[in-house]
Amino acid sequence: LDGRNAAADFETSDLLAMTIRGGCCSYPPCIANNPLCGGKR
């Protein structure tokens with residue numbers, strides 16, 4: 001059960017990261033504030 005939960009959590013966080021990259025990272029102000037976008041710092 002723990003293994004399945006860990007896999008689900010990983011998939012969820014991965015999907016969330018992709019959503020943030022795809023949506024937030026389309027907007028320069030959001031890119032600047034979000035390290036997931038690879039913002040220049």
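Going from the start of the chain as shown, residues are counted 1 onward.
Quick reminder: no glycine exception, Cβ is built from N, Cα and C everywhere.
Noted from Swiss-Prot: CYS30 is disulfide-bonded to CYS24, selected from CYS24, CYS25. Around the Cβ of CYS24 (disulfide bond), a 10 Å sphere holds 15 further Cβ atoms from the protein chains shown. A straight line from the CA of CYS37 (disulfide bond) to the CA of CYS30 (disulfide bond) spans 9 Å.
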